[in-house]
Amino acid sequence: MPLIGDDAPSFTAVTTQGIIKFPDDYKGKWVILFSHPADFTPVCTTEFMTFASMQEEFRSMNTELIGLSIDSVFSHIAWLKRIEEKIEYKGMKNLEIKFPVIEDLKMDVAKKYGMVQPKASTTQAVRAVFIIDPEAKIRTILYYPQSTGRNMQEIKRIVVALQKNAAEKVATPANWQPGEDVIIPPPSSMEAVKERMGKEEEGKRCLDWFMCLKKDTQK
């Protein structure tokens, strides 16, 4: 089972958008790879509709979505068509799901990513989310039980925070939202501590020598 910081396992898979090769087809992009237990299930349907409503928003963030379950591509297609043509939820309807959904009947990809967890199910993937950076490194792993749908806004928030860390080398505090203050890395020497505490900078505030924040300039 891969962990945060590991290389994301490579794979070639049949999907609703044709064959994909990961990571080759996604070089230079952030990827949200997520699994769901089964097609034609209510919680998964709400998740796919919500992801579909946000797919262009994610794409504008240089982030691509890839879905997966242990179902056939024909089941995926039938389910996605039903979602597009028949289902309305929270004002969302007629949603075209443009991102690929992997057929993983032999559980090849699911097992590589630890998406099959026997105490939950031996025949279905759990609700897993892997956020993968442009260098194909795993940056976040999330697991949800079958009964609980994912919070897509939280997934988006994590992507924004990871991208900010990659670009600016800052951290984000608890409950952070884009536009709020970010955390400057703490100094790593006594000299750096003296320099930081003795120097005032516009937009920066220190609660203590190890805890300084600055305004988020890219909102």
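Heads up, the Cβ atoms here are built off N, Cα and C, so glycines get one too.
Residues annotated as domain 'Thioredoxin' in Swiss-Prot: 2-164.
Annotated active site, cysteine sulfenic acid (-SOH) intermediate per Swiss-Prot: Cys44, in sequence order, evidence recorded as sequence analysis. Taking Cβ-Cβ distances under 8 Å and a sequence separation of 6 or more, the neighbours of Cys44 (active site, cysteine sulfenic acid (-SOH) intermediate) in its chain are His36, Pro37, Ala38, Ser69. According to its DSSP assignment, Cys44 (active site, cysteine sulfenic acid (-SOH) intermediate) is helical.
Here the Cβ of Arg127 (substrate binding site) has 23 other Cβ atoms within 10 Å, regardless of which shown protein chain they belong to. The feature substrate binding site is assigned by Swiss-Prot to Arg127, with sequence analysis given as support.
Around the Cβ of Cys206 (disulfide bond), the number of neighbouring Cβ atoms within 10 Å comes to 16. Look at Swiss-Prot and you will find Cys206-Cys212 tagged as disulfide bond.
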Taking the Cα atoms as reference points, how far is Cys206 (disulfide bond) from Arg127 (substrate binding site) in Å?
40
Cys212 (disulfide bond): tally of other CB atoms within 10 A of its CB:
19
